[in-house]
Amino acid sequence: MFQTLYSYFWWERLWLPANLTWADLEDRDGRVYAKASDLYITLPLAFLFLIVRHLFETYVATPLAGLLNVKEKIRLKATPNAVLEKFYATTTKHPKQAEVELLSKKSGCSVRQVERWFRRRRNQDRPSLLKKFREASWRFTFYLIAFIAGMAVIVDGPWDTHGSGWWPQKGVRPSLSSLQSMLPSQYWYYMIELSFYWSLLFSIASDVKRKDFKEQIIHHVATIILISFSWFANYIRAGTLIMALHDSSDYLLEVGMCWGGRGGWSPPLTAAPPVRIMHCTVVYPLDLYPAFFGYYFFNFMMVVLQSLHIFWAYLIIRMAQKFITGKARTGGGWGGLGAPRGQRGRVVEDERSDREETDNSEEEEEAAKNGPLSNGHPVLNNNHRKTD
């Protein structure tokens, strides 16, 4: 049974053009080709990445955060309450009004106190600014190094952006000279990139969770599948260019994550639509051989990634629009350094992140009960100070 499934999975007509077989990709005459078994090393390398990341965040990113004046926001802690804590942990973090009223009776707190307790308790679970900064610093460092490495790999070999050197020639059985042999630089570039995305997938449960958590999982899985498939199907030239294209913008986006949170703003940076690469993977191969499953599978995964990029580009444009139109939240941030003159203190909130509730929500309560706020503090009426 297993052998039958194995044979069907590696059926040549699934993954390779009609004029190519697995035998053609066996090493000979000093030429080395990519093999699926090469990818086994990426799993232990992924765990090595997790160790290196921990050391980087501890001994590099944390001191850097101190130098850049990344300060934690003081959060009011929820008063210990067994009834509310049990409901929070086992039922929901966002109780409805009827549930709030029921909890008020059970806990002996007023409805307003229950609502305030849940706001503060939710904020306790939100990741700190330091954690966000450390993660963004790690990703920035990797993507920058990977981009430089990708450029070196491209320079290291013969590249053709029109795609004529990517695929076997039409109607002829590929010769050894027409197949894409693997360069040592390509091998390590692929192994490191794939290992890194495995590490991101392994750590996603403990990383900062944002509203696009599901999209992040889809992205990591699709990227791992696309890199792996392009490797064992010997689409390594197309895969190398695609990875280099993504790395060219990813490290700039992480700069925005690190610096924009300090009160400044970063422009909506994203990879330009890879029109030429899409032409080489969608249109050009059809001039060489009939479409096959691997062709559809490869381009489908490309469309999945491109759709996610469009989604994230939309969120970035929304952030930019808020900044330009003056709708950015004021105050907070990581110090306001780096923002344009006259705009310091304006923070463009990450569209993917949950909004911090405590300050704004409680200020509204203070304003409703005691009047407007002055310098962030309530102007008290009737000489009474608000208490919990």
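Just so you know, glycine gets a Cβ as well, placed from its N, Cα and C.
Copied from TrEMBL, the annotated features are:
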type	residues	note
TRANSMEM	39-56	transmembrane segment
DOMAIN	67-128	domain 'Homeobox'
DNA_BIND	69-129	DNA-binding region
TRANSMEM	140-159	transmembrane segment
TRANSMEM	187-205	transmembrane segment
TRANSMEM	217-236	transmembrane segment
TRANSMEM	293-317	transmembrane segment
COMPBIAS	346-355	compositional bias 'Basic and acidic residues'
COMPBIAS	356-366	compositional bias 'Acidic residues'
Take the domain 'Homeobox' (67-128) and count its residues per DSSP category (helix H/G/I, strand E/B, coil), listing them in that order. 36 helix, 0 strand, 26 coil
Within the predicted model, mean pLDDT of the domain 'Homeobox' (67-128): 88
